[in-house]
Each structure stands twice: as structure tokens, then as C-alpha cells.
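Heads up, the thing below is written out as C-alpha cells.
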Amino acid sequence: MFEEGQYFAPVHEKDDGTLSVQLGANHPGLNDPEYRARRDHLATLAARWQPGDPCPTADYTDAEHDVWRVVSDVLMESHRTYACSEFLEGKEILGLPTDHIPQLSEVSQTLAPLTGFGYQPAAGLVPLRAFYGALADRRFWSTQYVRHHSVPLYTPEPDVIHEVIGHGNTLAHPRFTALYELAGAAARRVETDDALEFVSKVFWFTLEFGVLWQRGDLRAYGAGILSSPGEIQEFRDVTIRPLDLVSMGTANYDITAYQDVLYAAESFTHVEDVVGHFWATCTDESIARMAHMAVR
Ligand code: NLE
Ligand code: FE2
């Protein structure tokens, strides 16, 4: 995902109508002209996309496919140990390739009969309300570029590996997509920016970085953990708090590093009961009351 409030690289339109992506000072691809050209090219492709069109084909290079292969291989093993069973079921059903990056259009075609979800390409920042609102229509705004090959284990910036291996496997499972849709409906229902931010923080600590107990083990169900071969090895060692809407919805978190606090649900059903119910019913007023309860 690529949304306001998260790490993202600003995008500018050049005189010739193509886009230029401005990478941050610490970005590993900053001084790699080939990588910069790829980022600009893929952003330009996404900007030309029109609603209703399939996602544009990203002619990935061998080097980009290599990054996918390396990350897929490592995650194959890690998912067995650290992913919750619903994610593993989705992964089994979706059957992503491990030897090359699939096109967003192909993954969308596979998802359509399963859950009705599909990707739409993001050139740059998608405003919070648009990003989440689209989930209510089963549309998932997605980046298409690949993380820099020098740091395959972790990127603060969502990339196609995060969108497809992290989110895609969950978008194949109806219990997950019911949650995405409820988050989307909540984002459309609330009116104030404060309430929207609360909804998005709950999303961050659940569908992005959620963990839950399964047969005595702490397992990940959040896409941000499940797409990072580095963070997936470490999440069991950080501060684990019980699932708590007020605390999640008001917490401040660092988007550029491994999370140091995670919220654990007792089960997947517990996520549905607490987080699903919250998204299904929240209003500006109910969120304002909850925010007021936050310990300051
Ligand atoms: N840190 C994740 C990864 O390396 O795949 C991406 C998180 C995007 C919110
Ligand atoms: Fe994401």
C-alpha cells in the first residue's frame, strides 16, 4: 500500500509529461541511475492508467525478477513457521510464482473469482480516504516497482513484493477480504480527519502488522511482517500487547523501522470480533469517545 502518512517518495511531473520519483536521502537506490529510471518509468505507466483498465504491464528486468526470487525463497520457509493458518490457506489458493514477478493484472485475474478483489496501480501518494475507500469496492491501490536489490530483507516503502506477497495472499482469503472491506466502509463512513486517522492506525496494527496466537505460537497475519524476510524473524521478540482498539488507534509508530510494539489477538476470530466489529460500526462520535479514553 502506498498512502498518506506512510513512507512514500514524492512524485513530480516533468516537462515531457513523464513522472520523476524523488527518493529520500537514505534510500538505497538514490545513487543508482538504473534504479531511478525504473522507478520513473513505472510511476509514469501507473499515472497513465484509467479506472476500469487492467493494470499496465511492467516489463520487469532480470535483476528485478532476481530480487523477487530471493525474497520468495526466504519467505517460503519463514511463512511456514511464522504465518497464521489463514494466510497459509490464502497462499495455497493463490499459488503465486516464486521464480518471476507476476503482473498485477494477472494476480487480479486470479483473485477475481476468489474474492472479487483486484489491484489498481498507484503512481505515487494515494490520499488516505481514497486508498481505504477503494477497499470497500474491493480495489487495492498498489505500487508496482521492486525494492532496491541491495536491501531485499526490509523496505519501509511498500513495493510490489509487499503488495503481492504480503497483501495478495490475504486478498485470496474471504475471511481477510471481509476485514479489508469493512475497513474501506469505515473510511467512507467517518467524516473527520481524526476519525479517519484512527481507522487507519487500527489498520496499521492489524492488517499491516497484526499478530495472533495460534496453537500456543505467536503468528503474523499483517502484510508488513509477512513481506519482510528481516522483520518476520524478529517480531516474536518485541513488546507484545493484547489487542486494544483505543491503544492501536491512538499510538504513534515509526514507519521506517521494525515495529517495537505489536498487538496480539487471541485468534483470527478475535480479530474479526473486535476489529471487524469496530470497522463495521464506528462513527465519528464513537471514535471521538474512544480517543478520549486514550492514556496520555
Ligand atoms: N517492511 C515491509 C517489507 O519490507 O516488505 C513493507 C512494509 C510496507 C508498509
Ligand atoms: Fe501495505
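Here, residue 1 is simply the first one shown, and the rest follow in order.
Any Cβ shown, glycine's included, is placed from N, Cα and C.
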Fe cation binding, same site as HIS162, HIS167 - TrEMBL member from GLU191, GLU197, GLU208: GLU208
Arithmetic mean of per-residue pLDDT over the domain 'Biopterin-dependent aromatic amino acid hydroxylase family profile' (1-296): 95
